[in-house]
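Annotation comment: TrEMBL describes R90, N145 as substrate binding site. Taken from TrEMBL, the feature Mn(2+) binding site applies to C167, H197. Look at TrEMBL and you will find E106 tagged as site 'Increases basicity of active site Tyr'.
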Amino acid sequence: MKLTVLGGGGVRSPFLAKSIAYNAHRIGITEVVFMDTDERHLAIYGALAQGVFQRIRGDIAFSLSSDPRQALQDADYIITTLRIGGEEGRIHDERIALNHQLLGQETTGAGGFAMAMRSIPAILDYCRLIEQLSSPDAVLFNFTNPSGMVTEAIIKSGFQRRVYGICDAPSEFIRELAELLDCREDQLSVDCFGLNHLSWFRNARVNGEPVTERLLADPRLYRDTCMKYFSPELVALSDNFDAQRVSLLLLLP
């Protein structure tokens, strides 16, 4: 089974390669290709990913490519993690939002819409290549932000393969909450809804016992988890969030 990563020259590529290496046996991966059209980044971060992967699973073929057709040929699994326009494009888009006193976030609001306009055309081009070159049963996992909008665009385009949109922000936050509550992840349950980095959690429970109010009252929530971005000091400077209102709703943004 061949797995191809589109956007394999990103800074998180070594971490992705590590995860793939440790889980390759679960889905029978025999070949991995990290592809990126930015050859400079591929030579740095792609090479780091290759080193990490081969250190763990030297028995599995791992290669780097700047040719999407070659990378997608006969691929069984495809992961898309693109940043069209690079960091410069992100800075440009998000500063426009900030200049209008809006959050410049890459998955929601003005920043997210701008990134969607960059990402969707490129993703759909790759989808056409996947239909032409990859396995008839290929599965696409989209990490490209804004993940929800991009995945919706892929589905509505009539893409003839299975596709899943993925964001790891909610699962990362759940891990942090479990550590704060000193419990195992499988003991903690929460209701999660929203989009990407605008996700909300409610009805947190440990072994069935409600703990949402306890979490909101714990100062460590604003110090040791991603809720630090919603610290009282930050909230006081922002018109976008109201800490008291969030507490009344018993929601964790």
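Every residue gets a Cβ built from N, Cα and C, even glycine.
Taking the features listed in TrEMBL, we show where each one sits on the structure.
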residue	record	DSSP class
R90	substrate binding site	helix
E106	site 'Increases basicity of active site Tyr'	coil
N145	substrate binding site	coil
C167	Mn(2+) binding site	coil
H197	Mn(2+) binding site	coil
Same-chain residues at least 6 apart in sequence whose Cβ lies under 8 Å from N145 (substrate binding site): E106, T107, G112, M115, S119, C167, N196
Distance from R90 (substrate binding site) back to H197 (Mn(2+) binding site), taken between C-alpha atoms, in Å: 16
Chain-internal residues, separated by at least six, CB under 8 A from R90 (substrate binding site): R83, E106, G111, M115
For H197 (Mn(2+) binding site), the number of other Cβ atoms found within 10 Å of its own Cβ: 20
